[in-house]
Amino acid sequence: MQPEPRPSGAGAHTQFLPLRSQRPEGAGDTVMYASTECKAEVTPSQHGNRTFSYTLEDHTKQAFGIMNELRLSQQLCDVTLQVKYEDAPAAQFMAHKVVLASSSPVFKAMFTNGLREQGMEVVSIEGIHPKVMERLIEFAYTASISMGEKCVLHVMNGAVMYQIDSVVRACSDFLVQQLDPSNAIGIANFAEQIGCAELHQRAREYIYMHFGEVAKQEEFFNLSHCQLVTLISRDDLNVRCESEVFHACINWVKYDCEQRRFYVQALLRAVRCHSLTPHFLQMQLQKCEILQSDSRCKDYLVKIFQELTLHKPTQVMPCRAPKVGRLIYTAGGYFRQSLSYLEAYNPSDGTWLRLADLQVPRSGLAGCVVGGLLYAVGGRNNSPDGNTDSSALDCYNPMTNQWSPCAPMSVPRNRIGVGVIDGHIYAVGGSHGCIHHNSVERYEPERDEWHLVAPMLTRRIGVGVAVLNRLLYAVGGFDGTNRLNSAECYYPERNEWRMITPMNTIRSGAGVCVLHNCIYAAGGYDGQDQLNSVERYDVETETWTFVAPMKHRRSALGITVHQGRIYVLGGYDGHTFLDSVECYDPDTDTWSEVTRMTSGRSGVGVAVTMEPCRKQIDQQNCTC
């Protein structure tokens, strides 16, 4: 007989007890089982003590699957839920308390905290539809839920009642994806009623962002006057012009004029009426029947019309600032030759986007925004083949990332200045060859037409232009002989120019903008040097005062205002085409260098508008 093999290691041995057939006391049949007595001895390995671990990954799923089978076959269930909801037929659902308690804090409290339901086998449930309860019970066992679109609100409401947060989040995410102008208000109201803050916030943001479309829907006309006033009072309402808000309010009143005409005055005070154009106000005062029958509202709008046409500085509500990304756009420019670049800078994260190029390279152009669209006006194409002054007006749509040509100006204008009043673009001065213009023309986007208006009192190229209180200011420049410190102001109602207090410094090619009811003139060229000095014009006192200088001297710079700060971009310092970007904080009277452009350049057109549609950019980049 062969000896039994011994385990490796000195003195090591293992004994296993075989399965024994025993007859437990009181048992009629033989039962095979292993003895609980273990006399085995295992010698540790040479590597020291080790731990054996094993996990069955799908055990939980399998276990809950078996429990669900037991539920469906009504085995081992220890509770019956008797669900009654309004006029719906009552229904009974058998389940296991431990499973319900594991998925719902409400059921857990019901079955474990000494409540009367803890010892009950039949529990009455009210306030939830049986079909909703059926789905929530099924979710407790399967971690899966499915329903038709029309049932989502009911299931979400039930999940909120029983604090099943995962189902609440899933329903909320689904409803966010379904947001539409026709249902956004209803979803927002529902979310508010059930206390789902995240869904309520997302729905409200959708309403603010798509106000123009939402205001055409039935849900909008069913708002209470308090809800409507709250909505149109939002600073972040996304509208192309304030007339959208005005028309929405008038249409809401007309929906039930007999009951709602008493709310017109409250609504008008929530509309940013000082952002409406005098022409628009005049037309409404003449033609709107609701205003005709309300003398107080009519007088209120007449007062605003007078303030606008008299160009009075007024303490009014701030302009709308929708929570959509607003970027600083730079078009064209010059570095050795004219450029066709269109780029956008995001001050919030410091990134640059390369967008659709201008159709023709240009420098010395100007940029402005009307109705969210970016316009590139005039300039010159300096190229190795020759120089061509431009009369072109091109329009860029951020939503499509495409340029489209508009009607050209009456004459080419290089080193032009532009401003916008009442949605109309004013092209000021500039040059065509050796001709230095004092002419000014106005573009009406809705008609795609240019019309000459009164010429300036002085010929100006490299002129800085700004608009404040519906007045157009032309600052500095070059008249063909002298660089200028003079400035003048255009009154659109009178169609005339008037001289104002001259600057402290001669400046041609300065950057001019408006911030906090003051006009700023930054940098420029005085005939000898590029400048870094900055001065500010107070229209109340009619005086220019110096503020902190820029860190770099620069002329032919780009300038704009973004979120209450001035940004200057590029330019020429007398030796180098600059790529630096500086930012001015009026609260601290300090400049800081915030970023660099992708390359140095001067003579760019700059303006601020909405972030472009990334989908369009990605698609067009893929086709290149």
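Just so it is clear, glycine is given a Cβ too, placed from its N, Cα and C backbone atoms.
Looking up the ranges 1-27, 379-405 in Swiss-Prot, the one annotated as region 'Disordered' turns out to be 1-27. Checked against Cys257 (S-(2,3-dicarboxypropyl)cysteine), the modified residues Cys151, Cys241, Cys288, Cys434 differ in C-alpha distance, with Cys288 being the nearest. Using a 10 Å radius centred on the Cβ of Cys257 (S-(2,3-dicarboxypropyl)cysteine) and all shown protein chains, the other Cβ atoms total 12. Taken as a whole, the repeat 'Kelch 5' (519-564) shows an average pLDDT of 98 in this prediction. Each residue of the repeat 'Kelch 6' (565-611) gets a DSSP state, and the totals for helix, strand and coil are 0 helix, 27 strand, 20 coil. Secondary structure at Cys273 (S-(2,3-dicarboxypropyl)cysteine), as computed by DSSP, is helix. Neighbour list (Cys434 (S-cGMP-cysteine), Cβ cut-off 8 Å, at least 6 residues apart, same chain): Gly480. Checked against Cys319 (S-(2-succinyl)cysteine), the modified residues Cys151, Cys273, Cys288, Cys613 differ in C-alpha distance, with Cys273 being the nearest.
The Cβ neighbour count for Cys151 (S-nitrosocysteine), using a 10 Å radius and every protein chain shown, is 15.
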